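Written out below as structure tokens is the structure these notes cover.
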Amino acid sequence: MNGAGVYLLPLSSPLRTPLLPNNSKSGAPGCRGGAPLEGGRISRSIDPWRSECSCRRRKAVRRARTRGADLQSEVSDSSPESINFRETLSEAVSPPREEEEEEEEDGWVAAVSSLGLDKFPKRWVIVILCFSAFLLCNMDRVNMSIAILPMSAEFNWNPATVGLIQSSFFWGYLLTQIAGGVWADTVGGKTVLGFGVVWWSIATALTPVAAKIGLPFLLVVRAFMGIGEGVAMPAMNNILSKWVPVAERSRSLALVYSGMYLGSVTGLAFSPLLIHNFGWPSVFYSFGSLGTVWFAIWSSKAYSSPLEDPGLRAEEKKLIESKSVANEPVRTIPWRLILSKPPVWALIVSHFCHNWGTFILLTWMPTYYNQVLKFNLTESGLFCVLPWLTMAFSANIGGWIADTLVSKGLSVTMVRKIMQSIGFLGPAFFLTQLSHIHSPAMAVLCMACSQGTDAFSQSGLYSNHQDIGPRYAGVLLGLSNTAGVLAGVFGTAATGYILQHGSWDDVFKVSVALYLAGTVVWNLFSTGEKILD
């Protein structure tokens with residue numbers, strides 16, 4: 001005690017070491033060390049936490065200083081015996097429990113923020129989920145083209161029966177094109193696409209069971225699978241018309257459709273491996289089960305429109321609403337108005353012309369490689385994958401080019417006409433060259449280039465449904481894709497007839513003629529402006 005009657009804490013006090021360390025080097029980097037007590041005043045900067053000097057902890061230190069100053073007045077008027085120094089000083093420097101919990105939560109937020117996950121656009125989450133749905137769509141579709149070989153041997157199916165099984169898929173697929181579009185536009189794309197994936201996944205998994213029961217059951221299951229896949233494109237078109245701004249439309253659709261191409265590659269690559277190691281039923285069981293995984297994620301992450309998503313960031317919602325269309329489902333479909341518009345018929349006719357050539361190439365390509373280029377079956381299967389890969393790559397390049405042109409000020413109408421003209425004239429040119437090429441390598445290259453330029457259509461007619469009638473995007477795609485599926489069915493059958501009485505040159509000439517007709521119709525009657533409200 002000094003002359004003024006004030007007790008001074010000795011430097012050897014047990015309170016100093018744990019609470020007020022006198023070693024300035026023990027402080028956290030960037031923080032000041034302490035000094036001894038002088039004249040009864042606590043003059044050090046307290047830093048009880050050595051790991052960091054965050055903003056929140058610096059605030060706690062400042063509160064501790066204030067409490068320490070208040071304690072000094074108590075020390076001046078009281079004796080050590082009357083004050084529990086350890087308890088009082090501990091209370092002064094200990095941060096409240098709530099602040100520790102808040103700080104821990106802030107740490108998780110900071111971690112997410114540092115990875116950029118909190119800023120990843122939700123609309124692109126929707127796009128990626130649609131991409132994965134279309135990946136599964138074509139995986140489940142093409143696996144039958146591989147599995148049909150061991151199945152035919154086991155069940156003694158003749159070629160006519162095989163053709164019947166392959167075509168049964170299109171019975172259901174045709175039924176739900178328009179119906180799926182109406183359903184998606186009235187109730188929302190999330191429900192319809194989710195239904196489609198679950199439905200075709202169940203049908204895929206039931207295929208081995210149906211085949212062992214009997215042919216009629218297998219035909220019904222394959223038609224049911226077509227019903228599920230038939231709603232996928234209209235539902236996807238509906239949901240993206242609400243989520244994706246015009247400036248990102250081509251890229252988003254190109255990415256989604258490239259999922260179909262990569263799905264074909266994946267299915268063709270993994271089906272033989274599964275069949276060889278586990279038998280043909282394993283293809284359907286394994287591929288079908290993937291749909292349940294997708295549906296679980298879709299149910300928790302997807303919404304039909306931005307208005308329904310409670311977790312959507314305000315700035316992204318504002319961006320979508322300012323540069324997109326009305327998000328409310330429609331109540332009725334104005335069929336007469338829709339069918340009275342020339343751009344709608346331009347879509348329908350162009351889709352027919354496009355799919356005639358596309359379906360012929362993708363369906364008859366293995367036969368062409370085997371009969372004309374003299375590849376064996378293994379080589380034919382290998383080279384059949386190349387066009388799908390080329391299409392996946394070209395579709396995304398075309399989408400990027402289209403959106404860039406729109407952002408530079410070129411009209412949407414002009415961009416759609418340019419991209420679709422490439423999608424028509426490119427395949428027409430390369431198919432014409434096949435008649436003059438005798439090198440197998442050059443023929444394969446021409447086929448790949450034909451399909452690669454064909455993929456530019458994803459930024460042409462396949463994006464145009466959302467341009468001319470965004471509220472009815474599902475219905476419009478259902479209409480045009482119905483024509484496209486019919487072209488595939490009739491074109492595939494007509495090719496067999498042409499080959500029986502003619503040559504491959506005649507097959508290519510018909511496709512080229514339709515590509516040219518589609519180019520004329522598209523450039524005369526299509527538009528990128530909204531014509532349906």
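Using the three backbone atoms N, Cα and C, a Cβ is placed for every residue, glycine included.
According to TrEMBL, the protein carries these features:
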type	residues	note
COMPBIAS	73-87	compositional bias 'Polar residues'
DOMAIN	126-530	domain 'Major facilitator superfamily (MFS) profile'
REGION	14-42	region 'Disordered'
REGION	66-105	region 'Disordered'
TRANSMEM	124-144	transmembrane segment
TRANSMEM	164-184	transmembrane segment
TRANSMEM	191-211	transmembrane segment
TRANSMEM	217-240	transmembrane segment
TRANSMEM	252-272	transmembrane segment
TRANSMEM	278-297	transmembrane segment
TRANSMEM	344-365	transmembrane segment
TRANSMEM	385-406	transmembrane segment
TRANSMEM	418-437	transmembrane segment
TRANSMEM	472-499	transmembrane segment
TRANSMEM	506-525	transmembrane segment
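Within the chain carrying the transmembrane segment (344-365), a Cβ under 8 angstroms from the stretch's Cβ atoms is held by residues 338, 380, 384, 387, 420, 423-424, 427, 431, 447, 450-451, 454, 457, 461, 464-465, 468-469, 476, 479-481, 483-488, 490-492, 495, 507, 510-512, 514-515, 517-518, 521-522, 524-526, all 6 or more beyond its ends.
Relative to the transmembrane segment (278-297), the listed stretch 124-144 leads the set 124-144, 164-184, 385-406, 472-499 in CB pairs under 8 A. Within its own chain, the transmembrane segment (472-499) has Cβ neighbours under 8 Å at 167, 170, 173-174, 177-185, 189, 192, 233-235, 237-238, 240-241, 330, 333-334, 338, 344, 347-360, 363-364, 461, 465-466, 506-507, 510, 532, counting only residues six or more beyond its boundaries. Tertiary proximity for the transmembrane segment (252-272) is limited to same-chain residues at least six positions away from its ends with a CB under 8 Å from its CB atoms, namely 123-124, 127-128, 130-143, 145-147, 236, 240, 244, 283, 287, 381, 384-385, 388-389, 391-393, 395-396, 398-400, 455, 458-459, 462-463, 466. Taken together, the residues of the domain 'Major facilitator superfamily (MFS) profile' (126-530) have an average pLDDT of 90.
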